[in-house]
Amino acid sequence: MEGEKLIEDRGFLAAPLTFVVVVVFQLLSKWLDQLKKKGSKNTRESELRTEIKQLLREASALSQPATFAQAAKLRRSAATKEKELAQYLEQHHKEIKLSYDMYGKGLLASKVVIYLILVLCFWRTPIAIIAKQLVQPFGTLLSWGTGGHMTGHVMVGIIPWLILSNRVSKYVCRFVEF
């Protein structure tokens, strides 16, 4: 019963709280990826698009031979606006990518720090105790890093628990939409 005492000493909520931390990191990562893919619509881009549409609409309305020069001028103006929009979008996408990459690196760094803290706090301490029949072929893998054995039970270590939690949270996050 020394394993149960170890779990009581460290807190019986260690496994669920660790899982929640892993799920939160997965959700934040997915949210950041979706924001990066979606991008952001802003007023400058929408203004340029409406101006281009308006100029092309006016140019197509002028189909008389007498108004050909004016229609050509409107089309050239629309073409310059399209070039301006393309340059603006390129610059805007670079800025967005840079900022999201910075947030992604910050998220990764905080994930690594939190995982290291969890490993240091729970090294050689079981996170959970599971009946040996439930995890028959994987018992030794799950008990890696716990430093002890119990008859009839498998003590789950922090590193296998983090790996398992990470895989399960990735699966769960596939069904979450933002």
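Yeah, the Cβs are placed from backbone N, Cα and C, and that goes for glycine too.
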Per Swiss-Prot, ALA78 and ASN166 on one membrane face: yes
Tertiary contacts of the topological domain 'Cytoplasmic' (165-178) (same chain, 6+ residues out, Cβ under 8 Å): 18-19, 22-23, 25-27, 30-31, 34
Helix, strand and coil counts within the topological domain 'Lumenal' (132-143) (DSSP): 7 helix, 0 strand, 5 coil
